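To keep things clear, I will list the structure first and then write my remarks on it.
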Amino acid sequence: MPNIQLQSSDGEVFNIDSETAKCSSTIRNLIEDCGLESEENPLIPLPNVNSTILSKVLIWANHHRAEKAEKTEENSGKDEASAVVRSSDVISAWDAEFLTVDQGTLFELILAANYLDIKELLSVACMTVANMIKGHTAEEIRQTFHIPNDFSPSEEELLHKDRDNEPVIPEVESSYVFNLNKGSPNFKFELDLLGNF
Amino acid sequence: MAEESVPEILQLNDDCLEEIFDRLQDLHSEVAFSQTCQRMQHICLSKWRISRAYEQLDLDKWREMLPNYEDLVYFLAQMRPYLKEMCASSCLCALLKDLDEMQITVLPRVTSFYYDPEDVDCYPSNRSIRKLSELLPGLQKLRLTTPIDGRFLSHFEHLQELHLYEDQHKAYELQQEYLDEICQKLHDLKVLDIRTYDVISKLQLGNCLQSLRNLTVLKLNLATLKPVLPAVLELPSLRQLVVLLDNEWHIPPLVSPDSYDHKIREVGEFYDIMERKAKDIVGFAVDGYYMPLEPGWDAELPIWAHRKLKRLAICSWSHAADYLERYTCMENLRLLCLRNWNELSDDILLRFVELCPHLEHLDVSYCRELTPNFLPRALEILKQREPRKPMPGYRHTAPLLLYYVLSGFEDFIDKTNLKSSPDYRGYIVFTADFPFGSERGLSFVDRGYQFEFDCP
């Protein structure tokens, strides 16, 4: 089974070699669980991914398969999972360029990566969004992503509690007053403590 | 068209939003993210609630994580219903005041509070203790080692553990009336530690014992134990009794430190407990530095007839070690602590490895006479007993934990990196620490003794 066919939600069919397609755990499990290994060019429907996004996912998968083949020689003996973790800590230049898209496409790629269970793509795409959030205030984040503020006025107040607007609280008594036990051999020591204040 | 009005980011499912959250990796950004809308707040809170980093409220540490006051107040308000533990090292009164200002008046799910002040001049007032009981109504475990008289401690209605002692630093006691109140009102009390280190304790338990039916662990001074020993031993749930020998240091100015007798010659109660509870004793620990133990002290102990010992600690023994061999008949030994023995040899120790097949903890810290030869010989014994241990799929016993600080083979273990040796894997784990529940330093139990009872 060198090739498989993937059908997007809008009916378009993509022909792809099976090893590249197996970067998706969803597709890999489907092939294995349904015994499609022995079939010639099986057709797998992907009702949750449209053709635009699927084609981009396949571009990404093809690029990374080639890259992984190179890295396998360098990292022989280390398992695939650790390689995935290492590469998702930092976004490569290629991935950064690939993910320079409008927000709608970016989020659709995230959803597709989640549905297809492609951990590495999900990781770098989510990291891209996280980088747009880091270091910004709530209002700036809302503006970036057009998120409406749906907190009620009382909830909004809780978001912005600060010291200056708090009611005055009566002073708590001194922490250095405690009962003296005059029979205690340490009475003198206790007096010394109080004497300091 | 309702779909179109939903922002694209909110069309992501929760899994995807959580993946984005995981990559923010700084609490300030997470707080800002959670403040954007209700859904993000829900996502963030669900992650914070299960994070071990925020399981325990330590306000000083949280101030460092969130230097912005607004962020801190918001984060605390979100986490308030979920916090389970709290600790503090700064002034308790100031801490309570700060929480007041943040309008945090109750932390309903906190069950443990550990107060370990760094500033010794700041002691909590009674009013602070009362406020603390209102702040933590569900508290079950309280550790509070600063000088307090005990008033309002009984307000922690659900308290199960009360720890008032700090190793070698406690010089103040509760007032007797408040100790009585604590014992009479706290019906769930299971652990009580009222030891005092630097003075002879004046606390009495005469009015308390009939209320302490659920007590499983009692730690007290000998002076407190003496008048009520029979009644203490009859507590139906008692599993552990730790006795601190009282001492007041009045060393005459002209005495020589070499000839000064530091032994505390109060052994009557120790032998009395051995006699009365012989058939229930599953563990005992004794500090050989202060206890006047001479060779043969244990020859006639009634515990020999029962052989139930699972935990044994005899520390700071300065006589010959050959008499120790009699304890190898205790086949059920799980923990053996022989810390700071002057003359403990490889051969005697190997007898325990050989004859006590259930041994899990072996503490030979400060035993200078042991040699690196002990290690391969011990390994050989363990391998003969269980030859297939490191093989996968083979169900095996726990490895032997070997505590080796300043022992005769410490340097050898460190230089040859035995901790990572595949030869020892599964058989011996080397640990530069002390067994859990033991005192630090030269003795398993400091200046006194400890008993553990088999309690149905």
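Cβ atoms are placed via backbone N, Cα and C, with glycine included.
As written in TrEMBL, here are the features:
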- A:3-65: domain 'SKP1 component POZ' (DOMAIN)
- A:119-162: domain 'SKP1 component dimerisation' (DOMAIN)
Averaged pLDDT score, the domain 'SKP1 component dimerisation' (A:119-162): 90
For the domain 'SKP1 component dimerisation' (A:119-162), sequence-distant contacts whose Cβ falls under 8 Å of one of its Cβ atoms, 6 or more beyond its ends: 23, 25, 57, 60-61, 64, 84, 87-88, 91-92, 95-96, 99, 103, 106-107, 109-110, 113
Residues in the domain 'SKP1 component POZ' (A:3-65) grouped by DSSP into helix, strand and remaining coil: 31 helix, 13 strand, 19 coil
